[in-house]
Amino acid sequence: MNNIVHKLKTLVLNEAFGGVLLIVCTLLALLVQNGSFSEHYREFLNLKVGFSVGEFELNKPFLLWINDGLISIFFFAIGLELKKEFLHGDFKNPKNIVLPFMAALGGILIPAMLFALVNIGDAYTLKGWAIPTATDTAFALAILMMCGKHIPSSLKIFLLSLAIFDDVGAILIIAIFYTTKLSIAAFVIAGLAILVMLILNLLGITRKSFYFICSVILWISVLKSGVHATLAGIVTAFFIPMQTKNGEAFLEEIYESLKFWIAFIILPLFAFANAGVNLSNIDIGAIFSGVSIGIFLGLFVGKQVGVFLFSYLAIRFKFAALPQGSNLKQLYGVCILTGIGFTMSLFIDGLAYEVSDIFNYADNLAILIASFCSGIWGFIYLKFFTTRS
C-alpha cells in the first residue's frame, strides 16, 4: 500500500503529469463549451464573486478572478524563481544569462514582426501583436519530458531559463502596452505597500502573514490602478527575503509550497476557463482572417525561427555556448516547443481584444491549432530526428 501511495505521489509531482493535466483540462473545456453543458459553463465563468468593506467594493466575474487573481500567484512564483536564480543560481554568472535571454528576445521580436506584417494597416487587429510572443512553459516542458532520455537535462534547464525571461517579457508587455486608464490614488497605495515590504525585507522580518497582507493590498491597488494585476505578483516576489535570521531557507520554502497549487490547481483551472472555444460560432472567413493567420504564423513559425536564430547567433559569435551535452538539432527541437503559446497567448488575447467575440473566436482557435502543431511537430522532431551529441 505504501508503495502504491509513493508511486502516486511521484506521478502527481512529476512535471510532465502537470502538462498532461493541462491537456485534459483543455479538451474538457472544448467538450463542455461545445456540448449540452455550454450554458452552465458560461454561467460558471460569469458568476459574480466579490466582497465589500464600507464604501469599497470588489465584485468581479469568476473568470476575472482566475485571470487577474490566480495567475498573479503564478507570476509571483516566477518572480521568486527569478530572484533565486540571480542571487544564488545559474544567473549569478552573467555568461549563463546570455543564451536564454537572447532566445527569449528572438522569441518575442520575430513572432511580433510576423503578426504585424500580416495585419499592417489595421490599428485594431494590430493590438494583438503580443499574442504569439508567449510560451506556455508547463506544456512545453511536459512534451520535452516525454521525448526520451536521449534529450540531455541541460535542455530542460535551458527551456526553464528561457521561460523565466519569456514570462518577464510578458509581464512588461502587459504593463506597458495593455494598460489603459491610470489611477494616481491607487498607485500611491501600491507604493506604500511596496515601501512596507521593503522595510520588512531590510529588517529581515520573515513573518509570512505580514508579506501576505501587503501583497493583497498591493494586488487590489494595482488592480484598481489600471495596470494589470499580475504585475503585483512579480513585484511582491522581489521583496521576499532569501532566508530567515537563523539561516533557514525562506524564499525557497514559499516557492516549493506553491509548486503543487500552481501546477495542479491554478494552471489547469486557468486552462479550463480560457480554452472553451465555441467551435459552432466560427466561420471560414474568420479562420483565414489576418488575426488568425498572424497568430498561427507567429506561434508556429515565428517562435521557433526567432528563438533558434537568436540562440544560434549568440553561440556563433561566442557570446554563449550550447547547453552541455546537446547539439544544434536538439536545441532546434526545443525551439519548436516554444511555439506552444496556449494559456499565456489566450491570456494576452483576452487583454488585447478585451474578451471580444469580434473574430468569432477564430483567434482563440488559431492559438490552439498553432500550439497543437508546435507540440506535435516538436515531439516528433525531438523523438525521431535528433541524436545525442
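Heads up, the Cβ atoms here are built off N, Cα and C, so glycines get one too.
Here Swiss-Prot flags 12-32 (among others) as transmembrane segment, drawing on sequence analysis.
Sequence-distant contacts of the transmembrane segment (62-82) (same chain, at least 6 residues past either end, Cβ-Cβ under 8 Å): 44-49, 91, 164, 167-168, 171, 215, 219, 223, 228-238, 240, 251, 254-255, 258-259, 261-262, 266-267, 269-270, 273-274, 347, 350, 355. Residues annotated as transmembrane segment in Swiss-Prot: 62-82 (among others).
Taken from Swiss-Prot, the feature transmembrane segment covers 97-117 (among others), and the record attributes it to sequence analysis.
Proximity of distant same-chain residues to the transmembrane segment (128-148), defined by a Cβ-Cβ separation under 8 Å and at least 6 residues beyond the stretch ends, is recorded for 14-20, 22-23, 107-108, 111-112, 114-116, 119, 155-156, 159-160, 162-163, 166-167, 169-170, 173, 177-178, 263, 267, 291, 294-295, 297-299, 302-303, 333-334, 337-345, 347-349, 352-353, 363, 367, 370-371, 375, 378-379, 382-383. Per Swiss-Prot, transmembrane segment is recorded for 128-148 (among others), and the stated evidence type is sequence analysis.
Residues or ranges marked as transmembrane segment in Swiss-Prot: 157-177 (among others).
Feature annotation from Swiss-Prot assigns transmembrane segment to 184-204 (among others); the stated evidence is sequence analysis. Within the chain carrying the transmembrane segment (184-204), a Cβ under 8 angstroms from the stretch's Cβ atoms is held by residues 210-211, 214-215, 217-218, 221-222, 224-226, 232, 235-236, 239-241, 244-245, all 6 or more beyond its ends.
Positions annotated as transmembrane segment by Swiss-Prot: 220-240 (among others).
Residues or ranges marked as transmembrane segment by Swiss-Prot on the basis of sequence analysis: 260-280 (among others).
Within its own chain, the transmembrane segment (282-302) has Cβ neighbours under 8 Å at 110-119, 122, 125, 128, 131-133, 339-341, 345, 349, 359-363, 365-367, 369-371, 373-374, counting only residues six or more beyond its boundaries. Here Swiss-Prot flags 282-302 (among others) as transmembrane segment.
The annotation transmembrane segment is assigned in Swiss-Prot to 331-351 (among others) on the grounds of sequence analysis.
Feature annotation from Swiss-Prot assigns transmembrane segment to 365-385 (among others); the stated evidence is sequence analysis.
Highest Cβ pair count under 8 Å relative to the transmembrane segment (97-117), across stretches 157-177, 220-240, 260-280, 365-385: 157-177. Of the candidate ranges 157-177, 260-280, 365-385, 157-177 contributes the most Cβ pairs within a distance under 8 Å of the transmembrane segment (220-240).
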